[in-house]
Amino acid sequence: MCLRRKGSCGPKSKLKTFNLEGIADFINTEKPRNIIVMSGAGISTSAGIPDFRSPGSGLYDNLQKYNLPDPQAVFDISFFRRNPEPFYDLCKQLFPETLNPTPCHFFVKLLHKKGILRRWFTQNIDSLEFITGVPDEKIVCAHGNHHTSTCLKCHKKYDMQWITDRIKDPACKVPKCEKCDGVVKPDIVFFGENLPERFFKCAIEDFPKCDLLLILGTSLVVQPFASMVNEVSEDVPRLLINREEAGRAGLFERAMGIQGLCYGMNENKR
């Protein structure tokens, strides 16, 4: 899967074959030491957490009962301030009673144990990455997580157990601050909020040093996370594993001569 500009010969491919065997051979022979993993909701579906966009089963499809102006409004900070109840109803699906990491999560842990994981960038807010035992400093939550929560009124902080207990309580429709009775919001990034500063800092530091990029379970729709696949050097192999096609260049990118992730095309060199 490659990104090349029209007319560019590009570097010679480091992969013998364009499949999982080729990636495994690359890891065994080239010994990459700075693997970056980018993950999305697809790696958590087998843990019992539905993804967002799958037709019929995704979380967005299951929000129709709220007559939202747009399914993504449930994660819009302006909408949340007016009506937080749909979000907290969604949380009961996002954070089930028992939550365990999936084989995909533990694969990333294996990369860490072998000393070849540089960083794990995740879009997910379920915090399963932290349960694996991968050190916190190796994990970058692009969209935040629910380790902590904050009162929108007085800014009092609450830990994960506090918010989890209230999400699981059927009588609690919206968690309220014990100090001022304001609405409490998990520290995840909503549309209309800035991404964590650490996300940009680590991206700037890590991607130029990446020697293998693994993209797992993400449709590569939400920016700026999606465009990060283009930030590694042109000779760095990139592996995308996702249920649906993702990463195709849009009209603007094609007009600029950018082809995106070119599955199976003759131009594909990585």
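Cβ from N, Cα, C; glycine included.
When secondary structure is read from DSSP and collapsed to three states, His143 (active site, proton acceptor) falls in the coil class. Summarising the annotation, TrEMBL assigns active site, proton acceptor to His143.
According to TrEMBL, the feature NAD(+) binding site maps to 41-45, 51-53, 123-126, 218-219, 242-244. In the three-state DSSP assignment, the secondary structure recorded for Arg243 (NAD(+) binding site) is coil.
Annotation source TrEMBL lists Zn(2+) binding site at Cys151, Cys154, Cys177, Cys180. All protein chains considered, the CB of Cys177 (Zn(2+) binding site) has 18 other CB atoms within 10 Å. Mapped onto three states, the DSSP output places Cys177 (Zn(2+) binding site) in coil.
Look at TrEMBL and you will find 13-270 tagged as domain 'Deacetylase sirtuin-type'.
Nearest Cα neighbour of Ser44 (NAD(+) binding site) among the listed recorded positions (His143, Cys151, Cys154): His143.
DSSP gives Cys151 (Zn(2+) binding site) a strand state.
Candidates Cys151, Cys154, Cys177, Cys180 (binding-site residues) were compared with Asn124 (NAD(+) binding site); none lies inside 10 Å Cα-Cα.
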